[in-house]
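What Swiss-Prot says about this one:
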COMPBIAS  290-303  compositional bias 'Basic and acidic residues'
COMPBIAS  842-852  compositional bias 'Basic and acidic residues'
COMPBIAS  859-872  compositional bias 'Basic and acidic residues'
COMPBIAS  936-953  compositional bias 'Acidic residues'
MOD_RES   1  N-acetylmethionine
MOD_RES   273  phosphothreonine
MOD_RES   290  phosphoserine
MOD_RES   311  phosphothreonine
MOD_RES   315  phosphoserine
MOD_RES   830  phosphothreonine
MOD_RES   834  phosphoserine
REPEAT    403-436  repeat 'PC 1'
REPEAT    441-474  repeat 'PC 2'
REPEAT    476-510  repeat 'PC 3'
REPEAT    511-545  repeat 'PC 4'
REPEAT    547-580  repeat 'PC 5'
REPEAT    581-616  repeat 'PC 6'
REPEAT    617-649  repeat 'PC 7'
REPEAT    651-685  repeat 'PC 8'
REPEAT    686-726  repeat 'PC 9'
REPEAT    729-761  repeat 'PC 10'
């Protein structure tokens with residue numbers, strides 16, 4: 001056994017090359033044991049490598065590499081490993097090889113990324129030996145069928161050739177495509193490179209045996225290429241693949257921005273114009289409202305054209321199909337369907353609100369209860385609680401009245417057809433001026449009803465804002481207009497809001513500053529940024545600054561590194577409100593990206609800024625950046641949640657709420673639990689609200705602590721000595737937990753994995769309730785109905801059932817509160833014992849008379865008890881439209897005997913087009929009527945009695 005390498009090392013000093021070669025071979029065999037001894041003579045080995053006349057110089061490089069590896073000098077080790085050429089075996093499983101390959105890939109990645117950012121002429125050449133090792137590594141991954149690993153390395157090293165090759169060579173091409181698309185959406189931080197990857201994915205998807213148009217369109221949304229989407233839709237209509245076109249339209253509406261959708265609609269309209277002039281088309285002037293009529297017209301045209309001998313292509317069908325697609329893309333269909341779902345399945349427990357109403361004693365909690373009521377009834381159109389408590393509601397004065405009126409907009413969210421009629425009482429009138437707070441609230445409510453789907457209401461709000469003579473009405477009008485025209489970047493709207501901003505009125509300016517951001521959402525409009533930042537630096541009004549702080553951030557929504565220059569300048573500003581704007585801008589620009597640079601910046605500010613508001617905003621903003629990986633958030637903010645600074649603790653609570661919204665994340669709840677007992681009341685408020693955001697729609701089975709928190713909210717609300725701030729948080733938390741009649745969740749990304757713009761905006765503005773309670777209503781933008789809605793070829797809901805393969809209690813509605821009348825009953829029963837005794841006597845007499853009957857009854861009762869003891873079934877059938885929670889989608893299937901087949905997997909949820917495999921007549925789901933005030937003429941008269949014959953005796 002060798003105890004020293006000194007003898008072998010001495011051979012390196014020999015003149016004979018063969019002896020040196022022999023020494024190197026021996027050293028290579030013992031280097032792992034004697035590297036410390038060999039390291040003293042490593043310079044001799046280096047000299048051998050540098051001697052170009054030496055035959056085994058590559059072997060010298062390998063030994064030197066191993067020595068440097070053991071010394072921890074990985075860079076030198078890598079250089080010599082490259083010099084070893086083929087002697088460095090990438091397929092070897094030793095720790096040395098694994099480490100050097102990792103360093104090699106890191107080094108190669110760094111060079112590739114640096115080159116990618118440089119113009120063509122300035123790119124640095126990459127060492128061919130380095131590339132050779134990486135290529136060998138790729139081949140090893142492919143040979144071992146480690147395709148995901150290869151895709152990951154290919155994307156890191158910007159090797160699109162390898163990326164494409166890996167997908168095509170894999171044994172599961174659709175699976176690899178889905179994996180790559182997910183990586184693109186969640187992890188890729190450079191926009192330019194992401195777009196190149198998406199182009200490759202589009203190419204592969206289109207070249208599949210059966211092109212996957214649904215995923216192609218998801219890629220095209222990211223690429224912001226509405227023209228290509230329009231071309232696909234046009235192609236599908238021509239190929240008579242209408243159902244696929246409809247499905248894509250619904251997916252587009254859910255994932256794309258308003259500007260993108262309007263471009264697609266515009267393209268479809270221009271495509272549709274020649275088709276519209278087909279002779280005999282009777283459908284040109286009609287709005288696609290009454291589908292039955294238009295369908296019957298189509299069949300008539302078909303038969304007519306067939307008789308004359310024309311081809312079916314000449315029929316006027318496409319015009320009607322285009323109209324239907326436009327109706328879907330405009331969001332009209334989805335909003336109507338979601339409204340139907342929420343009205344039909346409304347399961348609000350009014351007892352919760354009644355108990356809260358009876359417990360509150362001041363105006364802040366009164367306002368909170370009104371807001372909580374609107375959350376609970378969001379989109380259900382049910383204003384029953386307000387109608388039952390008009391006297392209590394009338395206590396709201398001034399801005400509380402503004403908030404209460406605006407809450408109707410949340411209740412009637414999406415109820416667009418009758419919006420003006422519903423709100424008529426509260427809107428400004430030419431004749432007699434009403435309460436300014438009520439009128440302002442009414443205009444704000446109209447914006448909430450039409451949020452991100454303005455249409456014609458934008459012009460109405462534009463005129464109302466022009467004619468408003470009062471700053472309160474202008475405040476509501478600006479917010480309403482911003483919501484309705486969200487993301488449209490309309491110049492006339494922008495100019496009017498800018499005029500209102502420049503009036504230098506604090507109340508108007510706050511709303512106008514925020515509304516400017518809403519209208520220019522994600523546009524990165526240089527003029528808008530210049531105007532807003534310029535005015536923010538001039539104005540003396542803190543309120544205007546606050547509005548602009550959020551508005552500026554919204555303009556940079558989703559722009560990632562393009563916002564860096566603005567973020568830098570805002571973060572350096574002397575004004576703390578503008579520094580806070582910088583934090584929000586980071587949150588909006590990088591929302592959902594998980595970008596490490598952005599996280600580092602926010603964490604640095606969270607512990608270093610001198611202003612509490614800025615620190616709080618920085619921590620809150622972490623939630624927006626991490627929401628795609630909610631499991632990471634608790635570890636990032638856990639230390640901040642124990643900070644000595646209460647503002648940082650509050651920010652940590654809200655960050656958890658935002659990031660883990662709707663997930664029921666146990667770690668997040670464990671962090672929030674101690675914060676609900678914080679000595680500082682506003683920290684408790686944040687913890688209570690955040691806990692509701694996380695546990696929305698969770699049941700005791702999916703999240704065991706949900707009932708414990710329900711009781712906590714109730715305890716805080718009913719405790720007379722508790723602080724108003726904590727009570728405000730608890731009341732809002734109750735509203736959030738049971739939002740939308742228990743039928744909505746909060747999610748910052750769409751079902752297809754895109755960042756859901758209205759949700760992100762809604763949650764960001766909601767956090768501003770810290771300064772201004774009426775902004776709480778913005779949370780309604782983030783509520784997403786948890787539904788599966790199946791539609792047939794006519795875009796109607798057929799009667800169909802879905803099978804949920806888990807116990808009904810797993811995702812059941814929470815049990816309603818029991819009416820507390822039991823105690824009174826007990827008192828009464830003890831007071832009338834004599835009567836019960838008499839009743840028992842009578843029962844005994846009956847028993848004697850009807851023994852047989854009683855036996856039967858008892859037997860029946862026993863059967864009932866046995867039935868109750870029966871085990872819970874393992875599945876449940878849900879009727880269309882069905883309430884299906886995100887976690888439940890995994891276990892959702894179509895029953896085997898079902899005549900309908902979904903066009904995309906049920907596990908994605910949302911609105912799904914169903915293909916009918918049967919020729920039988922379909923049964924359709926009857927639409928339900930919305931609640932709310934009705935015009936008197938519309939009320940149905942009682943039906944006349946049935947005809948009868950009067951016989952005079």
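Using N, Cα and C of the backbone, Cβ positions are placed for all residues, glycine too.
Sequence-remote contacts of a segment are chain residues at least 6 beyond its ends whose Cβ falls under 8 Å from one of its Cβ atoms, and for the repeat 'PC 5' (547-580) they are 189-191, 501, 509-518, 520-525, 528-529, 532-533, 535-537, 539, 586-591, 593, 595, 601, 605, 609-611, 613-614, 617, 755, 757, 760-761, 764-765, 768. Spatially, the repeat 'PC 6' (581-616) is adjacent to the repeat 'PC 10' (729-761); three or more Cβ-Cβ distances between them are under 8 Å for residues at least 6 apart in sequence. Counted as Cβ pairs under 8 Å, contacts with the repeat 'PC 3' (476-510) are highest for 729-761 among 617-649, 686-726, 729-761.
When DSSP labels each residue, the repeat 'PC 5' (547-580) comes out as 26 helix, 0 strand, 8 coil, counted as helix, strand and coil in that order. Comparison of 511-545, 686-726, 729-761 by number of C-beta pairs under 8 angstroms to the repeat 'PC 7' (617-649) places 729-761 first. Counting only same-chain residues 6+ beyond the ends of the repeat 'PC 10' (729-761), those with a CB under 8 A from a CB of the stretch are 181-182, 185-186, 218, 221-222, 251, 254-257, 341-342, 345-349, 352, 356, 360, 365, 368-369, 371-380, 382, 451-452, 486-487, 518, 521-522, 554, 557-558, 588, 591-592, 624, 627-628, 658, 661-662, 684-689, 691-693, 695-697, 706, 709-710, 712-714, 716-717, 769, 776, 778-779, 781-787, 813-814, 883, 885-886, 908-910. Within its own chain, the repeat 'PC 4' (511-545) has Cβ neighbours under 8 Å at 257, 474-476, 478-479, 481-483, 485-490, 493-494, 497-498, 500-502, 504, 551-559, 562-563, 566, 569-570, 573, 575, 577-578, 581, 757, 761, 765, counting only residues six or more beyond its boundaries. Per-residue confidence over the repeat 'PC 7' (617-649) averages out at a pLDDT of 89. In terms of DSSP secondary structure, the repeat 'PC 6' (581-616) contains 27 helix, 0 strand, 9 coil.
Helix, strand and coil counts under DSSP for the repeat 'PC 1' (403-436) come to 18 helix, 0 strand, 16 coil.
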